[in-house]
Amino acid sequence: METEGLSPMLYEDDYYYGNETGLQPCDETDWDFSYSLLPVFYMIVFVLGLSGNGVVIFTVWKSKPKRRSADTYIGNLALADLAFVVTLPLWATYTALGFHWPFGSALCKLSSYLVLLNMFASVFCLTCLSFDRYLAIVHSLSSAKLRSRSSIIVSLAVIWLFSGLLALPSLILRDTRVEGNNTICDLDFSGVSSKENENFWIGGLSILTTVPGFLLPLLLMTIFYCFIGGKVTMHFQNLKKEEQKKKRLLKIIITLVVVFAICWLPFHILKTIHFLDLMGFLELSCSTQNIIVSLHPYATCLAYVNSCLNPFLYAFFDLRFRSQCFFFFGFKKVLQGHLSNTSSSLSAQTQKSEIHSLATKV
């Protein structure tokens, strides 16, 4: 199936790429394989993301009396991911139909907006969660006001407001139009720019997604976790009985940052290369363009996978949160066995330290 007039670089899951802009005329990429494979990926992410984030939201909601500051950020992170994954059946259908959008203009705008809203809100929640853990571990005594309930509410309000504003271009500019035999969901700059200046709009929107949506959060999270790792190492260096706990904490910290980078880095690298080509800083051959075009949808899928990994990375690695999940879903025997195994392997002093850590540090 051909996509007449549709630049493959516009692969519709990159919500800020423009149509047929900045690319030299090249042979079209064969999308037949992607039309079959990508919808399957989308639906797998949909099922895992819907169930995983749903469990997180339910658990956070049920544990309100004992909710920690980290739990509040985890719940909002899950809400942001959930708002995105519910749109995946639409994008799966769109791809399976060969980039034909049968759902109308309103859903085109709303679905595109939710994707960008998720990207920003999710990244900002992760950054605030990292900052909260940094304060709890590195400045546990002096950060009480910054980690108070009112401060968390204000920070969440800022997260959602800022995310909503950054995602507005998608809501305003995205619309449906007929392209050959297909109706596509695409960015339309005709109301704000001439055809000659579209590249500048696309370049600006590309920077808008990459800098505040990836580079700055990744830099901040790396800094926070470096301080956390240093503090944990100093705290446990003379406590041999805590050696395994130290290694576990450091492993989780490293995993959080690495998984985030792995999921999003390929997407932003390809988008940056396209931006540099668009603005004339690079002159890519047709073969190079075709490689980028072929890799781009799968880099996008990898970024989407982060929405179904987050519940496991940021919630189920947490002993206290995992215990709450078992309790609220009626797995009391599993919980009792888990606590029994934990008790048999820890000394009384270590248990006391563990309980204190779970209650105040994470």
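Just so you know, glycine gets a Cβ as well, placed from its N, Cα and C.
Taking the topological domains listed in Swiss-Prot, Tyr35 lies on the same side of the membrane as Leu295. Take the candidates Cys26, Cys128, Cys185; Swiss-Prot pairs Cys108 in a disulfide bond with Cys185. Asn181 (N-linked glycosylation site) is 18 Å away from Cys108 (disulfide bond) when you measure Cα to Cα. Of the Cβ pairs linking the transmembrane segment (77-97) with the transmembrane segment (297-317) and spaced 6 or more residues apart, 3 or more are under 8 Å, so the two regions touch.
Packing against the transmembrane segment (200-220) from elsewhere in the chain are residues 16-18, 21-22, 116, 119-120, 123-124, 126-127, 130-131, 166, 169, 187, 189, 192-193, 257, 260-261, 264-265, 268, 271-272, 274-275, 278-279: each is 6 or more residues past its ends and has a CB under 8 Å from a CB in it. Within the same chain, the transmembrane segment (38-58) stays apart from the transmembrane segment (152-172): fewer than three Cβ pairs sit under 8 Å, each pair at least 6 residues apart. Take the CB of Cys185 (disulfide bond) and look out to 10 A: across all protein chains shown you find 24 other CB atoms.
Across the topological domain 'Cytoplasmic' (132-151), the DSSP tally of helix, strand and coil residues reads 10 helix, 0 strand, 10 coil. Sparsest Cβ environment among the disulfide-bonded residues Cys108, Cys286 (other Cβ atoms counted within 10 Å): Cys286.
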